[in-house]
Every structure is written in C-alpha cells, then in structure tokens.
Amino acid sequence: MPSVGVACVRYLVFFFNFLFAITGLVVVVTGAIIQSSYHHYSNFLGESFWTAPIVLIVIGSVIFVVACFGCCGAAKESPCMIITFSVFLGLVFLAEIGIGVAGYYKHEELSGILEKGFNETLDNYKTNLAAQEAWNLVQSEMKCCGVNGPEDWQPIFKNDTVPKSCCHELPIGVNRCTRKYADPEGCFPKLSAFLGSKSLLMAGIGVGLAAIQLVAVLLACCLYGSFRRQYETV
C-alpha cells in the first residue's frame, strides 16, 4: 500500500501533467497563429525572425506527448516511465528557457531589422512585385503610410501620389490617393510596436512554462524516489 505522501505526490504529478497536456495544445495554437497570421510581414523582417513561432509549435507538441507519458507513469507507478518523463521534461525546460531568451533578444533587435527591411523594400517598390504586395498589405492592415509617414513616398513617385493602400477613406469624386488623404502615421512605429508585443509574448510563454515545469520535474523525481523505495521494501 502506498503511503499518503506518495499518493499525494502521484496525484500532483498526474494533475500537473494533465495541465501540461492542455498547455502544450495552447502553445501549439499560439505558435501556429503567430506563424500563419503574421508571416506575411517576413518581407520586412527576413525568415530568421519567425524561427521562434516554429519552435513553439514543436515544443508544444513535445509537451503534449511528454505530459501524456508522465500521466501514464504516475498512474501505473512505473519508476522507469517517471524517470524517462523527468529527463524529457528537463530537456523541454531547457528548450523553453532558450525560447524565452530568443524572444527577448529578438525584441531588442526588432527595430533595427524592421527599419532596414522597410527602407530596402521601399527603394525596390517600383521594380519588385513582392515589395509592392508587402507594402500594400502592411499599409492596409495597419492603416499606415510609408516608413515614418506619407512623405516617404515622394522620392518613389516624384510627386504627391502615394499607393492606394495608404488611403482608406477618399472623399466622393476623388480617385487619386495623395499625401493629403493618406493615413498620417508611418508603418515602422506601428508594426514595430505590434511585433514587439508578439516577441515578448513568446518570451513570456517560454519562461512561464519553464518555471512551472521545473516544479513538475522536482515532483517527478520525488515520486521516482518513492516508487524505488517501495519496490526495494517489497
């Protein structure tokens, strides 16, 4: 018969892993939303910025599988399954710390990367279809115009014309989008603030999960020791 203490730890491990299974699914969904919804801004950021969302999806999937493994180990009172679970969860813990650190550094580097991307695609706007699509998309979604304002388009069009995506409400009878009717805010500060919040969200998720899973690793190790002592006594 297991002691009350062992039973308590076993139920705690089972409860924590049930939560981890749900958390793993949440992490997968979060990474998938960030990746699918905002990947079209990669023209301004480059593909490297989107490594963290992909890692979130992978880590979330691993968390779900490992959590199910831990639940089985606690239910069956298997020392082998529990210690295997502890090792895997420890590796996930290190990976999540890495996600947190990566998210923080990406947030610190974001402004410089974004400003460079905006300037390069602006210069290539007339000759590069991908740059045109990217600018029309960001200006439409963010309700902004130019890097820091509509004036940034003057060197491109050589007059007061701006892309149609800069004008969300034209007066009746006006067919040409000009700086007069364009959104006054630039896209750089808007997109920088928006993506900055996403990188901090990834960092927060990684560090938060790592802190909780550290407790689970300690509980699993305690449970492993209790099971071993029980089998040695028998």
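The backbone N, Cα and C atoms fix where each Cβ goes, and this holds for glycine too.
Automated prediction, rather than curation, is the source of TrEMBL annotations.
Between Cys166 and the candidates Cys145, Cys187, TrEMBL records a disulfide bond only with Cys145. Under 8 Å, Cβ to Cβ, and six or more positions away along its own chain, Cys145 (disulfide bond) finds Gln139, Asp152, Trp153, Val162, Pro163, Cys166, Ala182, Asp183, Pro184, Glu185, Gly186, Cys187.
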